[in-house]
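Peer 1: Here you go, one structure.
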Amino acid sequence: MSIDFTPDPQLYPFESRWFDSSRGRIHYVDEGTGPPILLCHGNPTWSFLYRDIIVALRDRFRCVAPDYLGFGLSERPSGFGYQIDEHARVIGEFVDHLGLDRYLSMGQDWGGPISMAVAVERADRVRGVVLGNTWFWPADTLAMKAFSRVMSSPPVQYAILRRNFFVERLIPAGTEHRPSSAVMAHYRAVQPNAAARRGVAEMPKQILAARPLLARLAREVPATLGTKPTLLIWGMKDVAFRPKTIIPRLSATFPDHVLVELPNAKHFIQEDAPDRIAAAIIERFG
């Protein structure tokens, strides 16, 4: 299944590019020149989430932002399970296809585990790490486990698939200022029906189901990436990834880190504070 949607060039002023992975066709943007930065989104977003950051960085960095299979403008292939390890393998293929070297790895939400799974297998090619409102270890709080179980229940799965619950409810709830109608239209347009939303519906299940991968990342990220220069950027009003719970663990994992707190940002920091994020990346790595 392909997505028939053309983004507004005023909001998304980028050329669409495509990569035929072993599992399906990936849409991505590749803007600017300079040191590469891989921008990995979460659920239920797509590369559109990074639009303002890309515009701010592309004079200094090569900004590479893929849409996972099942997200954004990428294909919804039959036979793809939309599990996190599958996404990571496809994005790994994509990184190798582009030949990214000495790249910055940025992830938010599920972009954290996916970007880290790619990076641990290519640690010698990773220049630095940028993480925001994310994690990469097995769910270890009652809140995360309960969220996964509730979102995996038949009534909520129905709401995700049939009523676009994640886009309609969680994006507005996860931003300090409700996105404009034009912005929300771009999130809706790439998840037009139940068949298109299978990837969105699977991700909350993966909080528990991806435990083997997350356990491996909990071991391998400190061992392979722990000495990399790191930027932690945190929306301090995020009720899902609470700073007091997660920042101490990330700080211990990456001793060479700089922490930037975004006091007025919630979960979707790229919507709430794109200029602050871009400035922090330039200051740390520019």
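In case you wondered, yes, glycine gets a Cβ from its N, Cα and C as well.
Straight from Swiss-Prot, here's the annotation block:
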{"type": "DOMAIN", "residues": "35-134", "note": "domain 'AB hydrolase-1'"}
{"type": "ACT_SITE", "residues": "ASP109", "note": "active site, nucleophile"}
{"type": "ACT_SITE", "residues": "ASP238", "note": "active site, proton donor"}
{"type": "ACT_SITE", "residues": "HIS267", "note": "active site, proton acceptor"}
Peer 1: Between HIS267 (active site, proton acceptor) and the residue listed as 'active site, proton donor', what C-alpha distance do you get in Å?
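Peer 2: Taking the Cα atoms only, HIS267 (active site, proton acceptor) lies 5 Å from the residue listed as 'active site, proton donor'.
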Peer 1: Pick the one among the active-site residues ASP109, ASP238 whose Cβ has the fewest other Cβ atoms within 10 Å in this structure.
Peer 2: ASP238
Peer 1: Report the DSSP secondary-structure composition of the domain 'AB hydrolase-1' (35-134) as helix, strand and coil residue counts.
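Peer 2: Counts, helix then strand then coil: 39 helix, 26 strand, 35 coil.
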Peer 1: Between the Cα atoms of ASP238 (active site, proton donor) and ASP109 (active site, nucleophile), find the distance and write it as a whole number of Å.
Peer 2: 11
Peer 1: According to DSSP, folded down to helix, strand and coil, what is the residue listed as 'active site, proton acceptor'?
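Peer 2: Coil, per DSSP.
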Peer 1: Look up the residue listed as 'active site, proton donor' in the DSSP assignment and report helix, strand or coil.
Peer 2: coil
